[in-house]
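**Student:** The structure is given below, and queries will be raised subsequently.
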Number of protein chains: 2
Amino acid sequence: MSSYSDLMDFTRETAALSLILDRLGWDMETTMPKGAAGQRSEEIAALEGVIHARRADARVGDWLAGAENDPEADPAQLREIKRSFERATKVPGDLAAEIARSVALAHNVWAEARASEDFAGFAPTLERIFDLRRQEATALTSGDLYDALLNDYEPGATGQSIAAMFDALRGPTVDLIDRIKGADQPKALSGHWDAEKQMEFSAKLAEVFTYDMSHGRIDRAVHPFSSGSGKDVRITTRTDEAAPLDCFYSTVHEVGHAVYEQNVRDDLGLTALGRGVSLGIHESQSRMFENQLGRSRAFCSWLGPQMAEAFGHDLGDADAFYGAVNRVTPGFIRTEADELHYNLHVMLRFDLERALLRGDLAVTDLPEAWNTRFKADFGAEVPSPSKGCLQDVHWSFGLIGYFPTYTLGNVYAGCLHEALRADLPDLDADLAAGQPAPAIDWLKERVHQHGASRLPAQIIRDATGAAPTEAPLLAYLNTKFSGIYNL
Amino acid sequence: MSSYSDLMDFTRETAALSLILDRLGWDMETTMPKGAAGQRSEEIAALEGVIHARRADARVGDWLAGAENDPEADPAQLREIKRSFERATKVPGDLAAEIARSVALAHNVWAEARASEDFAGFAPTLERIFDLRRQEATALTSGDLYDALLNDYEPGATGQSIAAMFDALRGPTVDLIDRIKGADQPKALSGHWDAEKQMEFSAKLAEVFTYDMSHGRIDRAVHPFSSGSGKDVRITTRTDEAAPLDCFYSTVHEVGHAVYEQNVRDDLGLTALGRGVSLGIHESQSRMFENQLGRSRAFCSWLGPQMAEAFGHDLGDADAFYGAVNRVTPGFIRTEADELHYNLHVMLRFDLERALLRGDLAVTDLPEAWNTRFKADFGAEVPSPSKGCLQDVHWSFGLIGYFPTYTLGNVYAGCLHEALRADLPDLDADLAAGQPAPAIDWLKERVHQHGASRLPAQIIRDATGAAPTEAPLLAYLNTKFSGIYNL
């Protein structure tokens, strides 16, 4: 046996154990009895401990050294295993344990502070989390601290390059929104939409978007999510009998994540590369499915009549339905935002968390900084912390460097969509026939199948012939919303 | 930190990891997508590997030695951890791996042989399994080989004592069945019973039998089972629209297993003692719930009218329903057997597997030995191997020493039921009011709460004041069926 084959055998088991974590997480949100939460947290902690110990196992270091000059060894596998080994070994055990403990406690503190609109009650906890993760970043790198954290979610990306991209995106986005403000607003859907029928319709939509139900399933949960990889990738959606579009586009969004995972090449399964490569590329797929494909004029011209028939509602003409699906409305809450406002929400968080990590912004000054920036970008006063800097769960989980991947996903989707349109001249005809499959085949070929064997920037370059930029996204948004709002 | 507290911390994590195995097994039979089976088997193998390595971890041996004279150490915890450590370390790794491999392959060989009525096709595999487990038993003990295997399922029991008990049970059971043969047979239920309504009614029955749904759930599966321990104990049942009693008594049976696990004392949770102590004691609870409580005349007098109302069927008078619930009908298949024939099925398997393990019976002679014994006990010729020695999955899984625990459970249930009736003079009144809860409280106090902290024989002695014998079971069966069949 070579070092490399030993390393791959060991990694295969670690990958299998990681898949179990996904299943436990899914179960918690769908089928787990309420009273089992405490026991489940012990199960998850025990399994995470096992996985962490395996990632940091000294033998992994030895095998990596032994495999370095092995011509049989896949450099991408070694790169990814090495990244996870260094991540697991560079951070002192005490610090890792302290982060895990603090984050476990922080969630409740945040939830209570949000419920009682009490930012001061959360501030010391938030300060501690930023401090601990700053220490972690310092252990990981001699370079930029933010990049060390970002690297976990978006390998190869840097805060600086993202900042440049986002700064270029921000002005034109605000301009476009300003122009929309003066225009006629399309009417939202109304009426009652049966929840069970929404679930049936979701299953049909999932199939249309090539979700493989023999390796997946759809359940209802409080928050829509996709979970798992390879041969078992499950999604959830939610229903609101007044808002069917929330259900359907949540479904299509999660199907985008899930199909990416289902389409990873079989030979990468149960290896370090057998998953989507980054949160940004993941989000590019979910957003592409949801927006560039699912909210396109062509697809809406198919979807509207399908919904009208399934639910017995009159949805007006194709323009009315397309408008209802793509209404632009400002709001305080990120998760409820439309395609334009969403990126403004993300950019605000990205700038603030970088400043907090650098120490340029004190945690106690966060609400003021948030509200000032919000006023500048959205033109409205934030009425209370729960509608401002206390709205998101991420920082309480210690997730710093995570937010930008949402908008990075939109930027990537813009790039991929431009290239896809150039390659598939019949795309609109396909979508108007309820057939996104040719577009998804294109994505499978260029993105999905590679799993984590290519880094994000490389995937975009290989698929589009150019490095990712915000320009295609801006062009797409301008064309789309100028059309809808007759600008 | 003492050796003992280190040992308990380590064991706590191992116990949590074992609970995850239960969840994966449950998921496989209920919610898992069909195409995920291959990936799941890798997940389970990886987790089992982790758990086995922890049980055999050299530190466990050191901690056990260090804790031996620690006055803080619970001797029952040490006893159970030591048992699992010795089990994990005495069997050579090569042999354990070979058993795992052989058993994994055997299942399909058995299934094909059964489908094609080809015992010869399974015989070499079965021989190999008995040979490997004989080697394993030899590694485990210098004493009786069968006992070494039995000890896994029924700690403290011996083949010899079980044989004496079973031999005393067999004759009177055959006699009772013979007398029933000449009597009038009660009518079976007829009509159509809606499957969804059966599931609703099952949930109601589960509640009546004190199943805690905040720490459990009921799903449909091909085979009814109970899964998990402590704060998350799930059951499944099945529905057949012609046979509602199969669904309801399967539910009550599994609730018996599940309530035992739910009622284990909190301070034993996530320790080596935090589960039911043995298969026999487990089966005593499921059979007591199902038979001594659920199929009692008193409970049937409540259940019949409840079913009649819920389903709108006329079920005749109380005697007719009680008779329908307790019909005695001979058959070739163990899993379909009534309260009387069931034990004959088990005793046959117990005697044969002991003879096979000792080498007194050759695998090639198994069909003839089976059929001869079946003729003697049941008075019928076995028409084909699938109705004889190929019917059960157990041996293909390597489960030798498992079968007797079924009848041991009935024997224990007989003992406990006798003591319970003496303590609870109002039992029949409670049951006739649809209230088994007082009886279950009695069982919780004497059996459930102790988990694995007391060995099976001790539990029976503490609860009844005497060692377990077959006499109470025989007395119960005689009285019950003499009444139903007017013998």
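Any Cβ shown, glycine's included, is placed from N, Cα and C.
TrEMBL does not curate its annotations; it predicts them automatically.
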**Student:** Look at the Zn(2+) binding annotation in TrEMBL, where A:H253, A:H257 are given, and name the residue from A:E241, A:E283 listed for that site too.
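**Tutor:** Of the residues offered, the record points to A:E283.
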**Student:** Measuring CB to CB from A:H257 (Zn(2+) binding site), give everything in the same chain under 8 Å that is also at least six residues away in sequence.
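**Tutor:** Once residues fewer than 6 apart are set aside, A:H257 (Zn(2+) binding site) is near A:S226, A:I235, A:G276, A:H282, A:Q285, A:S286.
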**Student:** I need the neighbours of the Zn(2+) site defined by A:H253, A:H257, A:E283. Which other residues of that chain put their C-beta within 8 angstroms of the C-beta centroid, in sequence order?
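**Tutor:** Checked against the 8 Å cutoff, the neighbours are A:S226, A:E254, A:G256, A:H282, A:Q285, A:S286, A:R287, A:F289, A:E290, A:G409.
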**Student:** Cα distance, A:E283 (Zn(2+) binding site) to A:E254 (active site, proton donor/acceptor), nearest Å?
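**Tutor:** Just about 10 Å between their Cα atoms.
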**Student:** Among the recorded positions A:E254, A:E283, which residue has its Cβ surrounded by the fewest other Cβ atoms within 10 Å?
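**Tutor:** Across A:E254, A:E283, these recorded positions, the one with fewest Cβ atoms within 10 Å is A:E283.
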**Student:** How many other Cβ atoms are found within 10 Å of the Cβ atom of A:H253 (Zn(2+) binding site), counting all protein chains shown?
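**Tutor:** Result for A:H253 (Zn(2+) binding site): 25 neighbouring Cβ atoms inside 10 Å.
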